[in-house]
Amino acid sequence: MGTNTIRAFIILYLLAVCGCVEYDVDNNVQICTCANVSHINHTFWYYNNKVIALATEDRTSGYISSFIKRVNISLTCLNISSLRYEDSGSYKGVSHLKDGVIVTTTMNISVKANIIDLTGRVCYLTRNYCEVKIRCEIKSFALNGSITPLHMILGTLDRWKYLPFPTDDYRYVGELKRYISGNPYPIESLALEISATFNRFTIVKNNDDEFSCYLFSQNYSFHKMLNARHICESEWEALNNNNDNSSSMPVSHNNRANDLSSMMSQLQNDNDDNNDYSAPMNINNLIMIVLITMLSIIIIIIVVIAIIAMYKRSKYSHIDDN
């Protein structure tokens, strides 16, 4: 009874989920179970609830491709070297012991990296007018220990937005699709947005097309540029292509109609030609039939006359004999 209680306590302890542990890019991480390797029959390793490997006493199989060169997996441990930002997630090892007990250990890993996105999307478009929303968002940022004051700027030389850190403003919540007030850190999901409008036939040459996103502190700086007008020009070109395709459809239809009309005319001409050839043939046949009929009638008449003549001759001969 005491042994079972201790075993249950150990299992509950091992099932406890570790908190999120933060690492920097290129760090190494090790996740291990506390079970004795001699007691383990096999272990399944999971990444975001998907099996990435099966470890047995003899071998390990099932590595996912992105881990092949950077991971070492055994019955008891999962070691990842040279961490990448995309390695962030939940890791879990499920060990099946030889006595039937299942031991689980988990760890949530967050890999910090300096990833800032600068994107633009068209909000409104006509043949001559285009409105673009430019967005600069911090996807991830490596704090690297102590924080020096950070600053974020988005805009053009003449028009820009400024965001100092820490701040309670401009916290973007994806689920709510809006900005809310909140704690200054972590700075992930913090973003600045600015809108710009362009006229297709009016080109301004004072760098109003170029939008820049700056993120800088005492020991770090980031700069990325985006030409918003190029986005509009691509959309205008696509709009023109669609219109050209639409306008060409009736022409193609007319061509098909003309082709069909030509085919029908050709068939009609062929029929007319056939009728022209067949007309003489029908007249000749009719003449032949008439001639044959007339000849037959003449022959019948001759035969009848001959019979009558023979009858009269026979009758007169009989009278003379009397």
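Positions of Cβ are set from backbone N, Cα and C atoms, glycine also.
Positions annotated as signal peptide by Swiss-Prot: 1-20.
Taken from Swiss-Prot, the feature N-linked glycosylation site covers Asn36 (among others). Spatially close to Asn36 (N-linked glycosylation site) yet at least six residues away along the chain is no residue at all, judged by Cβ distances under 8 angstroms.
Within 10 Å of the C-beta of Asn41 (N-linked glycosylation site) there are 13 other C-beta atoms, taking all protein chains into account. Under the heading N-linked glycosylation site, Swiss-Prot lists Asn41 (among others).
Annotation source Swiss-Prot lists N-linked glycosylation site at Asn72 (among others). In this structure, Asn72 (N-linked glycosylation site) is part of a beta strand by DSSP. With a 10 A radius on its CB, Asn72 (N-linked glycosylation site) counts 12 other CB atoms from all the protein chains.
The Cβ of Asn79 (N-linked glycosylation site) lies under 8 Å from the Cβ of Asn28, Val29, Gln30, Ile31, Val71, Asn72, Ile73, each of which sits 6+ residues away along the same chain. The N-linked glycosylation site annotation in Swiss-Prot covers Asn79 (among others) and is backed by sequence analysis.
Mapped onto three states, the DSSP output places Asn108 (N-linked glycosylation site) in strand. According to Swiss-Prot, the feature N-linked glycosylation site maps to Asn108 (among others).
What Swiss-Prot lists as N-linked glycosylation site is Asn144 (among others), and the listing cites sequence analysis.
Residues annotated as N-linked glycosylation site in Swiss-Prot: Asn219 (among others). When other Cβ atoms within 10 Å of the Cβ of Asn219 (N-linked glycosylation site) are tallied across all protein chains shown, the result is 8.
Sequence annotations record features per position, and here Swiss-Prot assigns N-linked glycosylation site to Asn245 (among others) based on sequence analysis.
Feature annotation from Swiss-Prot assigns transmembrane segment to 287-307.
The two recorded residues, Asn108 (N-linked glycosylation site) and Asn41 (N-linked glycosylation site), show a Cα separation of 25 Å. Note: the Cα of Asn41 (N-linked glycosylation site) and the Cα of Asn219 (N-linked glycosylation site) are spaced 50 Å from each other.
Just so you know, the Cβ of Asn108 (N-linked glycosylation site) picks up 15 other Cβ atoms within 10 Å once every protein chain is counted. Asn36 (N-linked glycosylation site) falls outside any helix or strand according to DSSP and counts as coil.
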